[in-house]
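**Q** Once you've had a glance at the structure underneath, I'll fire off some questions.
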Ligand code: ADE
Ligand code: ZN
């Protein structure tokens, strides 16, 4: 199998099936599983498993160009962010109607809840769906219905972040924001994802301002090793004044930017999947998670696009991160705590989740 990529932007190694087996002590793996956790960097469309793609295609009368699940999964070969995105956008075409978005979101939330995620803020890419004639009401409606059901049936709380697909036009992003604002009660924030090359964050300055004026929070991807990454990290920190940064690992190459992020109390949502930021690259010859923690940054860990990364969800991602980034138990607990502090929720709700974490750590 060919090299996988860098989501996170760093060119990665990899293979999915044959990735390095985690060597973590089984008691630590059990501890990780039981930890009450949060997740802030998961693209709902990136949780669309091959099995569900076939089921939705059948329901929607579509033919897929793969004989079976194994053949589809074998086609998930990419070597950089654009080649990943081509597969990711193609895969989401089976999402056509409100129940499809319900099923997608509910399946992710059920999986996350089974790994003791108690709170998630999930990305979605509506522009890609609107392009195909799906309505915003069906996209947000289906996801919101799933969020409600998952909270009442499974006890997992969640919120929704609308991402602008940065390689589409600024006009398309603004039209999408306008179409989403009638549903703003179902959104917590906006983000910026997709291909960063040639699509710097300032392209979305007005969109972010409008989102903020409508009471939404703001975050942005700064994928690892992208063109102008330090310039873009500076822009999101000092100009767009984001509330969080997604990935952002190259910040460790600038002591000045690290100082600004610390001063602003920025949380980073890092995705150390085996195909992403765990990989040392020529431009980033360090372990990103280790380097960010050593720089004193507030790192939280998420699973990004698990369906395309060997179906590894948060427990697996954390276990791997412990091994690869030499995380101590104390660091793991600190990162889990950052995960709740970073929530876009009222302070009392965050305190209640942190109390659950403290009680677990005390009893484990
Ligand atoms: N869209 C889905 N996953 C992404 C990632 N990791 N980076 C940028 N855009 C994305
Ligand atoms: Zn991402």
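In case you wondered, yes, glycine gets a Cβ from its N, Cα and C as well.
Straight from TrEMBL, here's the annotation block:
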BINDING   41, 43, 221, 304  Zn(2+) binding site
BINDING   305  substrate binding site
DOMAIN    36-359  domain 'Adenosine deaminase'
SITE      247  site 'Important for catalytic activity'
**Q** So if I take the recorded positions (41, 221, 247) and measure from each Cβ to the nearest atom of ligand 1, which come out below 6 Å?
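**A** Among the recorded positions listed, those whose Cβ sits under 6 Å from ligand 1 are 221.
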**Q** Residue 43 (Zn(2+) binding site) to the residue listed as 'substrate binding site': how many Å between their Cα atoms?
**A** 6
**Q** According to DSSP, does the residue listed as 'substrate binding site' sit in a helix, a strand, or coil?
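**A** Going by the DSSP assignment, the residue listed as 'substrate binding site' belongs to neither helix nor strand, so it counts as coil.
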**Q** Taking only C-alpha atoms and a 10 A limit, tell me which of 41, 221, 305 are near residue 247 (site 'Important for catalytic activity'). These are the binding-site residues.
**A** 41, 221
**Q** Which recorded positions out of 247, 304, 305 lie by ligand 2, going by a Cβ under 6 Å?
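**A** Listed by sequence, the hits are 304.
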**Q** Going along the chain, which residues six or more apart from residue 221 (Zn(2+) binding site) have their CB under 8 A from its CB?
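**A** Sequence-distant Cβ neighbours: 166, 191, 192, 193, 194, 196, 246, 247.
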**Q** Report the member of 41, 43, 247 (the recorded positions) whose C-beta atom has the most other C-beta atoms within 10 angstroms.
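**A** Sorting the candidates by Cβ neighbours within 10 Å, the top entry is 247.
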**Q** Can you give me the average pLDDT across the domain 'Adenosine deaminase' (36-359), rounded to a whole number?
**A** 95
**Q** At the level of the C-alpha atoms, what whole-angstrom distance separates residue 305 (substrate binding site) and residue 41 (Zn(2+) binding site)?
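**A** Given the Cα positions, residue 305 (substrate binding site) is 9 Å from residue 41 (Zn(2+) binding site).
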**Q** Under DSSP, is residue 221 (Zn(2+) binding site) helix, strand or coil?
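**A** SS state of residue 221 (Zn(2+) binding site) = strand.
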